[in-house]
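TrEMBL lists 63-299 with the feature domain 'G-protein coupled receptors family 1 profile'. As annotated by TrEMBL, transmembrane segment applies to 49-74, 81-107, 113-136, 157-181, 201-227, 248-267, 279-301.
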Amino acid sequence: MIHSLAAAMSNQLQNTSSLSTAGTWNLLDVRNSSPVRTAELRPLPASPWDIALCVTGTLISCENAIVIAILFYTPTLRAPMFILIGSLAFADLLAGLGLILNFVFIYMLNTEFATLISVGLLIAAFSASVLNILAITVDRYLSLYNALTYHTERTVTFTYVVVVLIWLVCITLGLLPVLGWNCLRDEASCSICRPVTKNNAVVLAVTFLLVFALMMQLYLQICKIAFRHAQQIAVQHQFMAISTTKGVSTLSVILCTFAACWMPFAMYSIVADSSYPMIYTYATVLPATCNSVINPIIYAYRNPDIQKSLWLACCGCVPSNFSLRPRTSSDV
C-alpha cells in the first residue's frame, strides 16, 4: 500500500536522473546491444516521508516485540484479556515490519511482486490491528455487562477461536491483491494506495467507519454501566465521582486517539484517487501508522500485571510503591 505510493515518486525521480546522466552511457558492443556505463550513477535519494515511515515501523516493531516477549515468558498472563492484547501486539509488530520492508522494497527491489507482497502484508496487519482493538472493546463490554458470569463464559478456548477467526479474515484480505484484486493492469482504477483499486479502498474505508461506530456505541454502553455500578457500590460520593470520571476520561482518550489516527486516512481513501498529489496520501498514512505506536501504551503498558513483569525482566525487582491491584478486562 505505502510501498506503491513511494514507488511512483521514486520512478519519477529515476526518470529525471536518467535524463541527466544519459551522457555517461556508451554502446561499446553494438552486436550485443548492451549498454555499458562509463561512470556510476548517484544513488536515489531517500524521501523524507519514506524515512519517517521506516523509523515509525522500527519503533512499532520494538514496542510490540517487548509486549509479545513479556506475554510469552510470563505463564500467569494467559487470561482471555492478555490473549487479545498479545494478538493486537502481534498485528502491530507485523505492521511495523511491513513498513520496514516497504522501505527496503522501494530502494532495493522495486518489482510488481514486491509491491503485491508489501501491500498484502500491510493490509492484513493493519486490518488485524483494528479488529483486535474491536475485540478488546467487546471483551471489556461483556466483562461489565455479564460481570457475574463473565469468568465462566469467557473461556480461553473461546478467545483463541475469536483470534483465529480475526486472523483468517485479515489474511484473506491481505491475499486479495496477490490473487488479482489489484490495479497493476489498469492504472486508471487505482486508489491513493496503488495497487489497491479505488472500489476496494472504499470498501475497506467504509468497513473501518462501521467498526469505529460500533466501538463508540460499545464505549458509551460501558460508560453507562460503569456509572450504574459506581452508584450501587460507592459509599462515598467523592469516590464515585473520582473513579467514574477517570474511567470516562480514559475512554475519551482511547476513542479520540483511534479516530485522530485513522479517520483522516479513511475519509481521504473514500474521496480521493490516484490522480491526487501523493503528499496528501503520505500526510494521512503517517498518522494511521502512529496508531500502532500508541496501542502498546494504551492496551499493554498501562496494565499492572504487564508492568510488574516488565520491572522484573529489566530490574529483577518491583518498586516498593508499585500497586499490585489486579486489573480486570473491565478496567479502561
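Including glycine, each Cβ sits where the backbone N, Cα and C put it.
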### Query
With pairs 6 or more apart in sequence, are the transmembrane segment (279-301) and the transmembrane segment (201-227) linked by at least 3 Cβ pairs under 8 Å?
no
### Message
Using a cut-off of under 8 Å between C-beta atoms, tell me which stretch among 49-74, 81-107, 201-227, 248-267 contacts the transmembrane segment (113-136) the most.
### Response
81-107
### Task
Output the single range from 49-74, 81-107, 248-267 maximising the number of Cβ pairs under 8 Å to the transmembrane segment (201-227).
248-267
### Cβ-Cβ under 8 Å with the transmembrane segment (49-74): same-chain residues at least 6 beyond its ends
2, 6, 82, 85-86, 89-90, 92-93, 95-100, 102-103, 106-107, 279, 282, 285-286, 289-290, 292-293, 295-297, 300-301, 305-306, 309-310, 313
### Message
So if I exclude everything within five residues of the ends of the transmembrane segment (248-267), which remaining residues of that chain have a CB under 8 angstroms from its CBs? That is, six or more out.
### Response
130, 133, 205, 208-209, 212, 215-216, 219, 222-223, 226, 283-285, 287-288, 290-291, 294, 298, 332
